[in-house]
Every structure is written in C-alpha cells, then in structure tokens.
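Trainee: I have a structure here, written as structure tokens, and I will follow up with some questions on it.
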Amino acid sequence: MAKPGLFAREAAVRLLHAVLLERRLLIDIVNGEDSLLIDLEPSERARAQSLAMTTLRNLGPIDFVLQKYLTKQTPFALLNILRVSAAEMLVDGIAAHAAVDSAVTMAKRRHKTAHLKDLANAVLRKVASEGMDIFEGLEPQELPKAFRSQMAKIVTKEEMTSIERSHQAGAPVDLSFKDIKKANAFIENSNGIMMPNGSVRLKRAGQITEMNGFLDGDWWVQDLAASIPAKCFGDLSGKKVLDLCAAPGGKTMQLASMGATVTALDISSKRLERVKQNLERTKLKANCIAADALKWKPVERFDAILLDAPCSASGTIRRHPDLPFAKENFDLGELLKLQRALLLKASNWLVPGGILIYSTCSIFSAEGEGQVQWLAKQNNDLIPQKIDPKLIGLSDYMANKDGQIRLRPDFFADLGGMDGFFVAKFTNNK
C-alpha cells in the first residue's frame, strides 16, 4: 500500500521534469489528453500541482541549499525528488520525517535513482537540520536573463527584486461580481475582503465550485489587474462592444454585466466554449464568434473595442511560476507583430468617437508603451486618452506619465499583490 501523499509527490516530480526538461507549460500538461495527473484523485491532483508550483517559485533558493550537500553532479531524476522534498520542508513546513521518508521511497521506486536512496536520505536530513537557516537568508528566485533585460527598461534593480519577491509569494484568488450588493453579502458570509477596485479577494483558497454564489452565477474568478481594462471604458450601457481575444471570458462577462451588447471574438473554438459555459452560468449574454481576428470582417462598427492582446504573459508569473522556465527563450518579435496587426484591425472597426482599450498582461515595455508609440506613427485618427487611476480604484503611482495604467505584481503587496498589466485608452477621431 502506497504511503499517504506519495502519488501526489511523484506526480509533482513528473511535472517538474516536464517543465524544466521538456519546456512544457503546466496548464498544457494538466489540461492535455496525456496529462501526467490523469490517474490521480482530485485532492492528489491539486496537491501535485501546488507542490510543483511551490518548488518552481523557490527553485533558485532551493537549489542553493541543496548544492551545499551535493558533492557531485546529481542525476536530474534524483535532483527533482530532492527539490520537491526540500520545498515541502523549507516552504510548506511539512514535517521532516514525512518529507525525507517519501523522498527515499520515491528514489527506491525508480530504476534510475534506486541506488541513490541513501544519498537522498543523507542530503535531505541535512536540509532538515540546517537548510532553513540558509534558505531564509536568500534573495527570491531570479527571473531568467531574457525576462530581466526586458523589465530593466522600466524598473530599477530594487523594483526588480520586489517583483521577484511577489512572484515567490504566489497569488490569492480574486472574484469579480455582477452586483456590488452580492459582493458585500459574500464578504459578510465568507472569507473575502473588498479590494480598492471592487474585486473580492479570498483570504483562503478553497474549492471554487463549492463557494457561495458559484452555481447562482454571482461571480467569476478574475485577477484584480485583469478587471482593470474593462473599467477604463466608463459607462457602457447600451453600447455595442467587441471583446477581441475573448477567452477565457472574464472580460466578456465584465462587459456584459456593465450593460453592453457584447460580441466576443476568439480564434480558438475550444476556448470559446469555455466562454459560453461561463456566460451560461452567470446568466450573461454575448454573441460568441470563433474566428481569426486578422481575417474576420464585422458587419457593423463598434462603440467600443477591448483588445486584450496575446502577449508574453510576463505579468502573470506569480500565478504561473512555470512560465519563465518553459518559455525562457520566447520569441517576442512574433508577439509584437501580432499585437500590431490586431491594433490596426481594431482601429478600423470603431464608430466616430468610439473607444479602444489596448491591454496586455505583460510587464515588458515593448508590449505596452512601445506599442502605443508605434501606433501613434501609424494612425493619426486614434487619440490617446489619459486614464485617471483613482476613478477605477487604483493609486496615482499606478499610471505612467502619459496616463496609461502600468501595474506590477508588487503593487498592493500588503494585500497580496496583483498581476502585471498595461492598459492604454484611445478615442477614434474620424
């Protein structure tokens, strides 16, 4: 009979291997048909994912501690076992005997590591007795050089470390509500707190589908920062609005709940099905269209367009710690080309006086400020509009000098932070 938690730990080791060696994203692994978690119970799946993510968030510091006790190059298969067990002890506070015993068992169960079980035992016992003193004095996990070089264009060295510390802390769960009264009632009867922008942040994570209001469609999961672009429109009652690149649907539901007549466009019919499911649950309406925005032609122009463009997702690392490892050698050039093509398309679909919101969940200036500068040279009819952060529940320092919203993971750090985001607003002067 397997020891309690063993299957989840072994799955976490497999997830690490897939991310670090095969450069696969966790979301693709978990949702794929070849999922490494497919045979696990729901609780074991959740634990495996959580443990893998904790290990990735702290990989640099964990490796630093382990290397103190490893004298030779360690086989990758054993190293990942050691990493997971060290994460349990140093971050999760799991009892040393349980973590060490499980690691030795995992090593024995694998042909490539069976002969190294005694090494695993010795190293992890050292980590248990001495590792915490070392670990607590270390700087947070550093981003890869490619990420740091992009971020260095708009943040200082101290701000970079602050962002990396936010990545290490992870991300709480935020909810967006259709009705502020329902939000207040939820807070009174649960573990949520009201954030300055109106999002409800959960103090403790739990099974989302079992929470008050889920089945009634009162709310949907949406990071605080992700809710900001739609808020920048102002009043949308009765307006025709296009949500470009709509999946998974958080912004679509926001726009619909604001009284807009929404067209939700996405290139992926599979992802659009999730949008439809979310709309059905929340009893909101939108016209969902699966199409390539670069080839699609609207029947009529729109009063407002939200272009939340495909991007590096560099602002979401606190929720997706696998991203820097799986996408270390990303092709930013291709993303920039796509964003520009979408911007040009969207700019031609607005009515006179219509509003365009351009946003990315990126902390790279090339995908934010750089694209605004490029667009200004291509289209003189789009007039940049300054956004007042205070009107959308943000602080003055969350807007740059040009009145664009520039959010960082370490903003509202005392409340749990937020995703990195960029938001710019334009009006059509045709």
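Note that Cβ sites are derived from N, Cα and C of the backbone, with glycine treated the same way.
Automated prediction, rather than curation, is the source of TrEMBL annotations.
Bear in mind that the values here come from a model prediction, so they are computed numbers and not experimental data.
Pulled these from TrEMBL:
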{"type": "ACT_SITE", "residues": "Cys361", "note": "active site, nucleophile"}
{"type": "BINDING", "residues": "Cys245, Ala246, Ala247, Pro248, Gly249, Gly250, Lys251, Asp266, Asp292, Asp308", "note": "S-adenosyl-L-methionine binding site"}
{"type": "DOMAIN", "residues": "135-429", "note": "domain 'SAM-dependent MTase RsmB/NOP-type'"}
Trainee: Write down the Cα-Cα distance for Cys361 (active site, nucleophile) and Cys245 (S-adenosyl-L-methionine binding site), rounded and given in Å.
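Mentor: Approximately 13 Å lies between the Cα of Cys245 (S-adenosyl-L-methionine binding site) and that of Cys361 (active site, nucleophile).
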Trainee: Run through the Cβ atoms and count how many others sit within 10 Å of the one on Cys361 (active site, nucleophile).
Mentor: 24
Trainee: Three states by DSSP: which one describes Gly249 (S-adenosyl-L-methionine binding site)?
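Mentor: DSSP assigns Gly249 (S-adenosyl-L-methionine binding site) to coil.
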Trainee: Count the other Cβ atoms sitting within 10 Å of the Cβ of Gly249 (S-adenosyl-L-methionine binding site), across every protein chain shown.
Mentor: 26
Trainee: Across all chains shown, how many C-beta atoms besides its own are within 10 angstroms of the C-beta of Cys245 (S-adenosyl-L-methionine binding site)?
Mentor: 21
Trainee: Determine, to the nearest whole angstrom, how far the Cα atom of Cys361 (active site, nucleophile) is from the Cα atom of Lys251 (S-adenosyl-L-methionine binding site).
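Mentor: With the alpha carbons as reference points, the distance is 13 Å.
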Trainee: Let's check the environment of Ala247 (S-adenosyl-L-methionine binding site): how many other CB atoms sit within 10 Å of its CB?
Mentor: 23
Trainee: Output, ordered by sequence, the same-chain residues six or more apart from Asp292 (S-adenosyl-L-methionine binding site) with a CB under 8 Å from its CB, or 'none'.
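Mentor: Same-chain residues close to Asp292 (S-adenosyl-L-methionine binding site) (Cβ under 8 Å, separated by 6 or more) are Ile267.
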Trainee: I'd like the Cβ neighbour count for Lys251 (S-adenosyl-L-methionine binding site), meaning other Cβ atoms within 10 Å of its Cβ, all protein chains included.
Mentor: 28
